[in-house]
Amino acid sequence: MDTSGKQAEAMALLAEAERKVKNSQSFFSGLFGGSSKIEEACEIYARAANMFKMAKNWSAAGNAFCQAAQLHLQLQSKHDAATCFVDAGNAFKKADPQEAINCLMRAIEIYTDMGRFTIAAKHHISIAEIYETELVDVEKAIAHYEQSADYYKGEESNSSANKCLLKVAGYAAQLEQYQKAIDIYEQVGTSAMDSPLLKYSAKDYFFKAALCHFCIDMLNAKLAVQKYEELFPAFSDSRECKLMKKLLEAHEEQNVDSYTESVKEYDSISRLDQWLTTMLLRIKKTIQGDEEDLR
């Protein structure tokens, strides 16, 4: 694709849009429908933005979408303005993550003002993902996942809310905010128990909650396992519960080999992900004479 040609076309469209805006501000335009010129300018800015996208000039595309959004606001077209801010955010994602967040936040402001909380929640997730992958700021990612969960809950979209909360719990545990993680895992685990479709995953949430308890204190973990078995009898027969009991026993005996062996055995059937590996290593370090490795 001829990107330089697309770039030149986009620049020409920008100039045309700017002329329309200027003309709309003249005295005669004010008398004879300046707003239709603004509408035309909105359209031309959006065309320019798409042309910049084809030329892979993401910042220029983002800026052109922002110009269109501002004009839509001038015309009181809130929905169109929000759509343009989202388009701007998506373009900036490829060039300037912080600017992408700023644009998505502008869109969220408009959507919440209009009472469109489900769509606002979706864009909070997009912001959280930028903080996770591009800007690597876990605290801010957590805040946006929490906000998203709040909006979803308010709209009775509980399964979407729980997905966001599980992200929060995972990061909270990594940041050693164990009680926060435990509260979420227990809450999501309890609600999963009552659903025929989600029942099977309840054991995983109780397992994760028990590991967080273990990171705080062994007695805590022991009591938690008992509580989960009473609450959800199917947990007793799960491989996760059996592993917890073996780990508690190994910890009580301060037996590193037994601890490592139990983890290896579990891992041979259900591969440990990064999160579980981190938690299990933290617990292992509290056993005397540990050798730093799980396998």
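Using N, Cα and C of the backbone, Cβ positions are placed for all residues, glycine too.
A quick note: this is a predicted structure, and the numbers were derived from the prediction, not measured.
What Swiss-Prot lists as N-acetylmethionine is Met1.
According to Swiss-Prot, the feature phosphoserine maps to Ser26 (among others), an assignment based on similarity to another entry.
What Swiss-Prot lists as phosphoserine is Ser29 (among others).
DSSP assigns Ser195 (phosphoserine) to coil, not to a helix or a strand. Positions annotated as phosphoserine by Swiss-Prot, on the basis of similarity to another entry: Ser195 (among others).
Packing around Ser195 (phosphoserine) is summarised by its Cβ count: 13 other Cβ atoms lie within 10 angstroms of its Cβ, all protein chains included.
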